[in-house]
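Asks: Sharing a structure with you now.
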């Protein structure tokens, strides 16, 4: 009996195991299909509520603004013609006649006016976090912030179905590229005003871009298929874009290796840190690496002793070895930074970094030691007190912080406590100046040095260092007041000299880069200066 | 029986209320809010958001509003996933976790009891020793190691399975493996030790002496008692497994409930934190409740009604 029973039990166990034995083939994407990882569920696919790269990666296929970016230049998209007044304040836009919504409606100037005013509505449910991207428009800020402005005072008006008139607050040389940004997308007035939750599911979704939303399995996957009535349909070769939402980097890497993905890494996915270092070392042909207009730096708490002293801040900044950090610690093709505005940002005719000095300071441990002593003496201190270097979880933050703390210890003889802080607590501490030195990073919002400069004005919403300098504030104002690009760049370069060269209000560490793994059969996927992906004109060649 | 059930139910509701209250205040006590991110939104925009979500009201007021909505079974809208209600998010993702969980539980119980029985029947023989060794290893190895290794060898190297997703029956194999190894090992050990005890008991000898078939003895008399500890383990385990594992779901890219336990907190998605906590608690309590009832039915020694006692 014992034997019979054992046989029975063994066969139960075996049958469960047999289930596992059946083969399974992972066939690659069929035909013109492009597959990439979003890393997470997009929080929204409504242009008014967007503020993150996951959403914008999906939306760049679904929507199109008045312009779109092509090789770094803004070209007309929904607009057929954009006329700018001499003072640079008035834009008259003709909408193309063959522009259609995915439900068949024509895209009109009214849709743009409605969309932008909806985003600015302080009582939108819920209010739009990125509404300030529209503050270039006259009256926009006053309306959005309840500062006495009304919706009728907002400088955007559809004078007929195909004409949109825009009035700006200041001359803004990069406004045409801003028009390609997602906050400036139109929405279908009839659809959106009838159903506020229109963007929550695929079947109520209406868009105007090269692709339409064919399915949205929340937290699982999103599929896009070409929109047949898109005006430039002939340029669209892909038959399907498939997004998965995998949060684990090694899972993504396994999927790429087994041909379940055509693209891995930035902007929305990730390559495991150790694996990336190996790929770079092996010069893997599928690894594509390019600079990203993004700066990795440390905030000094300018309001706290002894970090209120410029000499102390300079000493700390000069006492580290940036090349060693990018070569041995972060290991992702980063470039050491000795200024704040990263390469890839336009100056007058060339790259801003090529026109202005690239180094506001040099690394020098001996000089640093001297400066530290002087600075401490000025503050009436004899030795550098032990302080905290805080950073959030993830990425290379911890190893970089430990390396820097070590360099400070070795070169300046000071003791630094490194501390990992949970993300939101970290942000709260940074905003309320409850830190000594804290990690930070800044990526461009638009291609102009201003996106890195105006954040440091006194009391600026993103100035979480306590830095305040009247001359700096005046230079920013000066750059805002003119549309003469040379004068603007000069003012911003002077401002940067004050920020880094004179004050070292923050400590630049490195400029980031975009590292991606791309299957050889994927052609014509673009990565722009800030690391955003453009897959709309991609195709598969096997 | 009725009074027993009623008392248990009242206890469950009270516990849920206490839990909701504690979670609400603890969650609000941690620094940060849903709108904070690397790039700060302007103060005025922030104000609009704070007003919209009612965070400008005193905490007790916010709490009363939450309780009122809760009584109407309204868990609110997610603050992270725009235009997605907490109920929708939970229902949608629970579907995945439940499907995977049920498979994992069935596999755990069937395989666990089976190998536990084999070990008991071959007590102190080689088979028994091997099984117990394997079970010890199974308890010691964390599931993320199993998941990562399983994915690397069986999906990436051998290509037997998809790396991630839960779209076909085959996709269940690796996550099920990762989820059920620990419970299998645990159940096998429990089954073995109680069965060894039970098989040596007097009433089994009596049954044998009465000439009953050995299979009948094993199933009707021995197993019924031998499974009691397993039942009390399976209750809470069920609650844990069907609400999803953060680790297994993120490694296998399953759109289940698991990741929301951590994500909702790191996003400070207050409504989702509350919803998911209450949901988990309700499932846990329900499973304990069912375990208690099941125990009473299986174990003749437990008397439910006072009259009978």
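Any Cβ shown, glycine's included, is placed from N, Cα and C.
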Asks: Scan B:100-123, B:196-219 against TrEMBL and say which stretch is down as transmembrane segment.
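Replies: The range carrying the transmembrane segment annotation in TrEMBL is B:100-123.
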Asks: In terms of Cβ proximity under 8 Å, which residues at least six beyond the ends of the transmembrane segment (B:272-298) contact it?
Replies: 5, 8-9, 12, 15-16, 19-20, 23-24, 27, 66, 70, 75-76, 78-81, 86-87, 89-90, 94, 224, 227-228, 231-232, 234-236, 238-240, 242-243, 257, 260-261, 264-265, 304
Asks: So which of B:12-30, B:100-123, B:172-190, B:230-252 has the most C-beta pairs under 8 Å when paired with the transmembrane segment (B:130-152)?
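Replies: Comparing B:12-30, B:100-123, B:172-190, B:230-252: B:172-190 has the most Cβ pairs near the transmembrane segment (B:130-152).
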Asks: With a Cβ cut-off under 8 Å, give me the same-chain residues at least six positions beyond the ends of the transmembrane segment (B:12-30) that come close to it.
Replies: 59, 62-63, 66-67, 70, 265, 268, 270, 273-274, 277-278, 281-282, 285-286, 289
Asks: Could you tell me what the rest of the chain brings near the transmembrane segment (B:230-252), counting residues at least six beyond its ends with Cβ under 8 Å?
Replies: 93-94, 96-98, 100-102, 104-105, 108-109, 112-113, 143-144, 147-148, 151, 163-166, 171, 174-175, 178-179, 183, 186-187, 190-191, 194, 258-259, 261-262, 279-280, 283-284, 286-288, 290-291, 294-295, 298
Asks: When you scan the chain for residues with a C-beta under 8 Å from the transmembrane segment (B:100-123), skipping those not six or more beyond its ends, what do you find?
Replies: 131-132, 135, 166, 172, 175-176, 179-180, 183-192, 195-196, 199, 223, 226-227, 230, 234, 237-238, 241-244, 254, 256
